Structure formats: structure tokens, C-alpha cells
């Protein structure tokens, strides 16, 4: 009550923020008349003027009013679009490094031109991040016209570009691209062998479109660059064949003489927990699997991998559904994004799950992959000096944005009042009743000509509904992951009179639904069908389409605008709001309603008990619908439960990934330092000194006479690392202590290294140090990532031993990292001290071979091995081409 009173007096935080920005809007508006009198050249020259003023010490904040006024004028001249006052506020919020929540149709794409123009003045680059290649290309061409007019260069990063094209795009003033491409480019850069091969610049300022989709929905999926392992794929087929023979059971609670008075009994061969997305073998199931696979003990350490594959095969059959979680296209299993309904080619589930699903569907099984480089979107975007974002729905996740990204959300008012009533949910007992009601409403609205957008949560449901409409003879379009090529075309026409469109999740579709249809899209489509027509004919047809759409627009408005019909609530309220948000844009009329049933996943898994009780209490019969505030509240509570659960998963992921992130930063910084080559000799000498100190410490025991030290062990270790034996006269030996032993060894090691430098020359020795360091770091880092994966898998079990798994993970991951750094040091020192003079072509061949051993993602899509150059393959027992004098298998072929 007190907080409500305070809010009434001083306004909410959002209201105070908007109040602070309105005077700056006034400043920009006051500049408009003067700016509009400038010629095109004078307007363009303003960019150079701003750069000079910034160079002389003026801040971007002081340049903002004039820069925004210039950008607004360019928009009017080039695109015929003038930024509204609320769009200026949106631009200021983005410039401040915050999230601007702007409703659908409020022109987020145009808003981004303001802060991107202002921040491009620094010359440090601006990244505008979108969810797919289509939007990246469209926005760079469309909005890029404003920036090009003002003398700035615009680049675009999309799938299929080579490194030269990528570098050129990143060097532009403003770069449009997808989150995946930006992330993969970062990982690929940190696998390269020369700084000049890097494509990205420093991380200055990013504007993330559909920020909730990228930073929240996709945050659970890390970006991974991987190479295939050599494991056999037969095991997946063998295990897949036994899963249909297992019987699904359930968990039964029985009364028992226990503390709680109850105990759980498991029936069948396995049980499924849909909330936790897990499937577990019962005791009976374990015995049955052992019998079917002819193994004695499934939990024997030798068969632990088989147990893992059985569990993954169970999940594949019990939890992952065709046309819901994935599709099979051209003999390949492709993941469907659960939030946007888009296909995600190139993405694979890890840990053998993807292979289990491939076996289930009877398609070719690809080998499991080993991680070579990985990063989460959370940690990638936190590298930017300044980060901001736009979306139609961020306020529900404001707490998460603040906690994880330190980003505040500002809700921007709409330019025109929202006229869309959102009707209460209608709930039925069964899905069949619900779908019958949906069909009846669609039939009724279609008959009077009102356009309808029907939202479903999976491909399977969209096709089921489409079949029901087909039987009723109602013409309709279907938009799901299978028809994504026609996406923009279908969405653009969804507002036409009498149009019925069925769509899976509408998140991030990026195309406005215009009432009466989109004349521009219709013209483009007509031109594609009639490529031979003259420009004159095309202009004439375009004018006809325009006239037709204006007429239809008025008719559709009089019918009530676009009606949104949701057929199921999503786990996230945000996705529901995004579906609703497709209607009522820019003051247009519209309406929305959700039809639900107790058999829907959300209600069945998270809220059915409470809702069922309410329906029983209200004595709802089959076939009868209910609209009640209590039900709506129960559904929203179920959604909040799921959202909180998903937030915990993401927070858990980032807590674990933060450990890896610090290690990744150390390794990548070390690689960059080596590639820069300025301190490479000093780094190597430091490694040598550390190795000597470790040897002295390991063999020279403080309180034991020097004559009793393990001299043979020391001599062998020194020989292994540095290539010489320790030969100390007995009289000298007696006077030694750990400190002067270290000095003695250091002196001898420096002498041997100086001889190497004299023999090879400074240039060649530095080159060899660089090549060998990179080779060791990359090989050891790859193995370290595998060790970390294994550590993650088993760390949860520490909880049973009364230990905090997170703390144990941090401790052990740190120890693994330190062990890896020790191995890198030993490997580098040993190889340099053992290296022999080799011909220049041998060194080049070694470098080439080292590059070929790596696997890189081709444009962020699928892993492909680089084509090997034509050269003789080195046998494992042949001398190593690096010139170390060792066999290849004991040197670079390890």
C-alpha cells in the first residue's frame, strides 16, 4: 500500500525515465526546421563534422540531439519515413545501453538507425544483431540506405561468406548480422594462426533485435564448434532396437510405515518425468536391458557408456517427438526451435542424443562430435562495452535482464492508442472439443471476411488443424518450420480480407501484418512470377495493388481488424504476448482469444490438478466451455512456475559457464599474445624458468642431504625436457641446497638454449616457439574441454555426499585448468629443446599439417574438414618433420 502511494506521488521508475527524456525530444524537434533546409551534401557533411567534434573531446551525449535530427531527416529523404517522438525515445534508451520494449508495428527497425548512426561516429563499429539471415540482409539493405546517404558504410554478416567478405563487413561503420554468425566468428577467430586472419574487431556496441529471444530463449543453447570423433555408430542402432520392447510405467504413491507415511513404487520398465524432461529405467527395466543386450551388469564401470546410450535412447523415444521437437528432411534430423518454431540446420543435440534420435528415425547416424570451442550467448554478448536491445515483450523478464546482463528495461509508449481487446481464455476438458470450437469460430469469422491468425505451438498441431480446416472447405495458409522459405510472403498477406493463416510461434518473424495486405510484397511476388515485364508495366501493376490494399484495409478495419486465435498457451507468457502483438499495430483495431484444454501440455504437466478441481467445482460437463478468472489465474501461475524453472536453468548454466569463461579468456588472450609475437621469447623463457623451478622443487628436499636426493630421477627428467644429463661432481653435490641447484640448472639450460639460438638464428627460433606454442595450446585446450564435459556430467552426484556441486565444480575445473597449463609448458619446452635444424619446407609442412588437424565450422553451419594439401602422409614411426629427431608418434603426432 505504501509503495503504491509513493508510486502515485513520484511515478514509477519507467515514468520517471520517460519524463527525463522528453525535454531531449523537444530539443531534437526544435532542430528539425533548420536541418530540413540543408542540401543533401550539407546533410551528409554533418557526419564528418560530428566525427571531428567527437575527436576534439565532445561526448556522444552532447552530440545526440543534432545527430538524431540529422538521422531523422535522412530517413524522410531516403525512405519517406519520419521517426516519431516515441521512436526518438526508443533510440535514446538504446544509446544508454538499455532494453527498449516497443510493441509490434512501432518501427523497431527504424529506431535502431538512431543509436547506430550516433555510435558509428566513434569509428569503433556498431553491431545490429537479428535472429535470421533474411532479416539481417533486409535491414542492412533497407535501413542501410539511411546510413549510406549520410556517408557511413554498412556491412552484413550472413551464412556463406568467406573470411575476406566477413572482414570487410566487420570493418564497416555499422554491421548487421545474426547472433549465431557473430558468435561463431568469435570462436573461429580464436582458432586461427595469424592475427591478420581474424575477421572481427573489438566489441564496442551491440543493438540486439528480439533481445528476449536471443538473450533468454537461446541462452540455454551454447554455440559449439566441434570435430567428429572416430567412435562406431553401430551401438546406436543396436540399442535403439531394444527400446520399443520396454514397457512404460508410472510412479505410484502407496501408504507405508515411513516418516512421510508414503513411499513410491515404480511400475513398468521405465518412467517418464515430463517436467524434468527425463526418462529413468526401473529395477525391472535394468534387468530386462541386461538380458536383451546380453551384459551382466549395466552399472559395471566397463558398461557405463552403454548405460548412458540406453538413457539417451529412452529420452529420444519417450520425450522427443517428430514434427514437434524436430523434423526429418532429406534424410537428416533437424532441430525445431521450441520458441520460434524455426528449423535450426547445423545445430545438433549433444551427448549422443542426436545420434539416438537419428537411430530412432532410421536415418544415417553422424558420428558424435568432440568440442573444439564453445561459448554461450550470455558470455558472448557480455563482452561488448555497451549492450542494448529491442523487443515487443521484455517487461516480464526484466528481473533476469538486470540480474544476468545488468540491463534495465524501459517500456516505450505506443505512437497511437492500442485498440485490441484481449478476451479471456476459453477452456474445454478435451483437445477434441477445443479444436471443434476453434474450427467453428474460424468458420464464422471467415464467412464475414475478418482475417484470422491461428497460433499453434508445434508443427504437428498446425498440420492437424490445417487438415480439420481442409475438411470444412476453408481456404488457409500454413506457416511452420517446413514452409519457412515462404515465411515473409505468408505473413505479409495474413491481414487480407477473409484470410486464414495457421502459424507456429510467431516470435521474431520480423514482418508486419498489414490490414488489407502488403502492396509492396504483392508487387514483388508478381514481379518474380513475371520477370520479363517492363518497368512501366510493373509500376502500373504496383499502383493497382496499392489501390486494392487501401480498399481492403478499410473493409478489414470495419470488420474488426485481425483476430488472433491462440490454440494453446506457451510455457512463456512472453511468447503468448508476441502472438497477440501481431494484431492492433499502429492503432489498428484487432482482438485476441486463447482456446485451451486440460489435455494441453502446459496444463497437463504443470497445472491440471488445480484447474481440474475448479472445473469439477463449477460442474463443467463435456463439450461445455468455461471462461473464469480463477482458471486464467491458475494458468498464469503455471506459466510463472515454468518461467521460474527455466530462469533457474539459465542461471545454473551461466554459473557453470562463468568458470569456463574465465579459462577461455586466459587461453584466447594467450593465443593473441603469441600471434602478436612481441613478447614470445619472454613468454618462453618464463616457461623454461618455471619448469626448472618445478624440477628443483620436486627432487631437492630441503631437510635431506643433497647426496641422498634422487639424482638419477632428476637427470632423466632434465634429459627428457632439455636434452642433457645432470653431471655434478660429488664434492659440488655436497654443498648444494634447493636454491643453488635451481640456479645451477638454470645456468646450464640458458647455455643450451643460447646454443640453439646461435644455431637456428633469432627469427627461426621465434617462429618455431610460436608454432609449437599454438599447437600445444590448441591440442591441450581441446582435451581440456572434453575433461570439463565429463566433469559436468558427474558433478551432480557430489550432492549425495553432502557437498555443493557448484563449489566442487569450480575447484576441480580450476585444478584441471592448472594441470593443462602445466602440460602445455612441458610440451612446448620439450619440443623446443629437442628440435633439430630442418629445411624451411619441413617447417612449413609442419604448420600446414597442424592446420589440417583442426576442424572449423564453415560459415557457422556444419563442421567440415579443411581440404588437405597434396603431400606425403607421415608414418607414425617415421622421423617427425619438425626436426626434433624423435619419431612422429612421440612428437607432433601425439
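Cβ atoms are placed via backbone N, Cα and C, with glycine included.
Among 512, 554, 576, only 512 appears in Swiss-Prot as part of the ATP site alongside 87, 105, 106, 107, 108, 109. Ranges compared are 813-853, 854-894, and Swiss-Prot records region 'Disordered' for 854-894. Sequence-ordered, the extra residues of this chain that approach the ATP site, with Cβ no more than 8 Å from the Cβ center of 87, 105, 106, 107, 108, 109, 512, are 102, 104, 110, 111. Highest Cβ count within 10 Å among the binding-site residues 87, 109: 87.
A sphere of 10 angstroms centred on the C-beta of residue 512 (ATP binding site) encloses 18 other C-beta atoms.
Annotation for residue 108 (ATP binding site): same-chain Cβ neighbours under 8 Å, separated by at least 6 residues, are 90, 100, 102, 209, 390, 391, 392.
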